[in-house]
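Asks: Structure in structure tokens, see below.
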Amino acid sequence: MAPTLQQAYRRRWWMACTAVLENLFFSAVLLGWGSLLIILKNEGFYSSTCPAESSTNTTQDEQRRWPGCDQQDEMLNLGFTIGSFVLSATTLPLGILMDRFGPRPVRLVGSACFTASCTLMALASRDVEALSPLIFLALSLNGFGGICLTFTSLTLPNMFGNLRSTLMALMIGSYASSAITFPGIKLIYDAGVAFVVIMFTWSGLACLIFLNCTLNWPIEAFPAPEEVNYTKKIKLSGLALDHKVTGDLFYTHVTTMGQRLSQKAPSLEDGSDAFMSPQDVRGTSENLPERSVPLRKSLCSPTFLWSLLTMGMTQLRIIFYMAAVNKMLEYLVTGGQEHETNEQQQKVAETVGFYSSVFGAMQLLCLLTCPLIGYIMDWRIKDCVDAPTQGTVLGDARDGVATKSIRPRYCKIQKLTNAISAFTLTNLLLVGFGITCLINNLHLQFVTFVLHTIVRGFFHSACGSLYAAVFPSNHFGTLTGLQSLISAVFALLQQPLFMAMVGPLKGEPFWVNLGLLLFSLLGFLLPSYLFYYRARLQQEYAANGMGPLKVLSGSEVTA
């Protein structure tokens, strides 16, 4: 029932559009936890932990049917902690599984888990006193299903050639913007729609993801455009010829003759044959398959190691702000002073709530900012050639052709140039974000919100595009998963930083923000290394005239 790779290629725009919608409404929806928390408390989850005589210290409205207390908040936040951990920690094993089995089975399992998550939450709400513990399993399945959908969608841009980075940025942007989903559901809930109805409807919509994947996603993984056998897999494997020539053999002849024609025609005075014999074709075809790059060399490459530091630092900066934004806003409103009267406390709560709502709504900007960084990564790629061939370089030198008169733009060099621009811009915005955090001006926080949202969309998109450009496509899932896992470990440091801010620093965020600002300067090390690596690669091209196959097998290892 699964389509072939050629059929999936013809449906690639449908798959891309539906993947964006699926990411937006079904991927990292746990990032909108604040709205879901209010719904769960209104439904009475873990209200049994509150004393019967409790007059909760949280705000209650007239529609509230259940008591609330700090114990209830702790239990529900524990569920969120488990779900968010699953969302981040499972990226590495998912990447390994996806590299081995392809995206189709992973996506099917992810959509099934998300469906089960919504169903469990709906069933648990029918008897919250007995079934409240199901929320832990439901949130775990929600996080796991969401990351499965996100990871598999990142392989789709391989079907779009020069638009790959832009499409990948759009996928990551829809993932980052999914934090708006639960606030939208809360609006529906506040309009009077029952929580059970909402969850069962959401579960039914998740079943459509399973159906869409079954009908349109192929069993094979999507090859990257720069792979040697990309054209064979996408365009030629289904080609039937009257002369009984198979797709593989036809591809071999086309590739061999293409390489021959791309070189300078040899002179008869050299004593070499000007034409290729059948033996030459067979001999060349034996060397045609791309040499496999070991995973350990990609893992130990300086590019990947520097990206781990940059992404971990940025993740810590972003997650800490998301965790402490309410406390920071409260400090800006109160100036660090406690207000005893209820009127003053209510005013502070309303102001913080308003700014928090604006910050949540701005997460949709990720859907617009992520394609922008993808456009930067795709800049002038379509005007590039793969690499200089040795025959071309030697022929030009022999005939006295000035290489400076015709300087082709090489794809590998251009991708590195675009990555340098993308990471430099992202780090500059991150530094600007850190500076605005240091300024005690409440209205300036709107600028801080915008910078935070842009950086959150930029750095994931830039990293994914860098990995796709530099490393072999069969390593993409493993490298991305390991990077996400390391970044999640870095993000755990936000808890002691938060405790230090609300404890010894008495709510003042200045010193923590200053330390994080200085730490964020390390992000410029990655584009600095990429600049050095690009210069070295340019020297190799100029000195050796490396061909495309040698570049693919050699330069990626030393990246």
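For all residues, glycine too, the Cβ spot is worked out from N, Cα and C.
Just lifted these from Swiss-Prot, have a look:
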type     : residues : note
CARBOHYD : Asn57    : N-linked glycosylation site
CARBOHYD : Asn212   : N-linked glycosylation site
CARBOHYD : Asn229   : N-linked glycosylation site
MOD_RES  : Ser237   : phosphoserine
MOD_RES  : Ser262   : phosphoserine
MOD_RES  : Ser267   : phosphoserine
TRANSMEM : 20-40    : transmembrane segment
TRANSMEM : 78-98    : transmembrane segment
TRANSMEM : 105-124  : transmembrane segment
TRANSMEM : 131-151  : transmembrane segment
TRANSMEM : 168-188  : transmembrane segment
TRANSMEM : 191-211  : transmembrane segment
TRANSMEM : 304-324  : transmembrane segment
TRANSMEM : 357-377  : transmembrane segment
TRANSMEM : 419-439  : transmembrane segment
TRANSMEM : 446-466  : transmembrane segment
TRANSMEM : 485-505  : transmembrane segment
TRANSMEM : 510-530  : transmembrane segment
Asks: As a test: from 20-40, 105-124, 304-324, 446-466, pick the stretch that has the greatest number of Cβ pairs under 8 Å with the transmembrane segment (357-377).
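Replies: By the under-8 Å Cβ criterion, the transmembrane segment (357-377) pairs most with 446-466.
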Asks: Other than its close neighbours in sequence, what residues sit by the transmembrane segment (485-505), given a CB gap under 8 Å and a spacing of at least six beyond its ends?
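Replies: For the transmembrane segment (485-505), the nonlocal Cβ contacts are 85, 88-89, 91-92, 308, 311-316, 319-320, 323-324, 327, 511-512, 516.
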Asks: Tally Cβ pairs under 8 Å between the transmembrane segment (131-151) and each listed stretch (168-188, 304-324, 419-439), then give the stretch with the top tally.
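Replies: By Cβ pairs under 8 Å, 168-188 leads among 168-188, 304-324, 419-439.
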Asks: Count, for each of 20-40, 105-124, 168-188, 304-324, 446-466, the Cβ pairs lying under 8 Å from the transmembrane segment (78-98), and report the range with the highest count.
Replies: 20-40
Asks: Would you mind listing, in sequence order, the residues at least six apart from Asn212 (N-linked glycosylation site) in the same chain with a Cβ closer than 8 Å to its Cβ?
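Replies: Set apart from Asn212 (N-linked glycosylation site) by at least 6 residues yet with Cβ under 8 Å, we have Thr18, Glu22.
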Asks: Counting a contact as 3 or more Cβ pairs under 8 Å, with residues at least 6 apart in sequence, do the transmembrane segment (105-124) and the transmembrane segment (446-466) touch?
Replies: no
Asks: For the transmembrane segment (446-466) and the transmembrane segment (191-211), check the count of CB pairs under 8 Å (sequence separation 6 or more) and say whether it reaches 3 or more.
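Replies: They are not in contact.
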Asks: Using DSSP reduced to three states, classify Asn212 (N-linked glycosylation site) as helix, strand or coil.
Replies: helix
Asks: Give the nonlocal contacts of the transmembrane segment (168-188) in its own chain as ranges (CB under 8 Å, at least six residues past its ends).
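Replies: For the transmembrane segment (168-188), the sequence-distant neighbours (Cβ-Cβ under 8 Å, at least 6 residues beyond its ends) are 16, 19-21, 23-29, 31-36, 38-39, 146, 150, 153-154, 156-157, 198, 202, 360-361, 363-375, 377, 456-457, 460-461, 464-465, 468.
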Asks: Does the chain bring the transmembrane segment (304-324) near the transmembrane segment (510-530), so that three or more CB pairs sit under 8 Å (pairs 6 or more apart in sequence)?
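Replies: Between the transmembrane segment (304-324) and the transmembrane segment (510-530), contact is present.
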Asks: Please indicate, using numbers and ranges, the residues of the same chain that are 6 or more beyond the transmembrane segment (191-211) and have a C-beta under 8 Å from a C-beta there.
Replies: 22, 25-26, 39, 43, 107-108, 111-112, 114-115, 118-119, 121-122, 125-126, 145, 149, 185
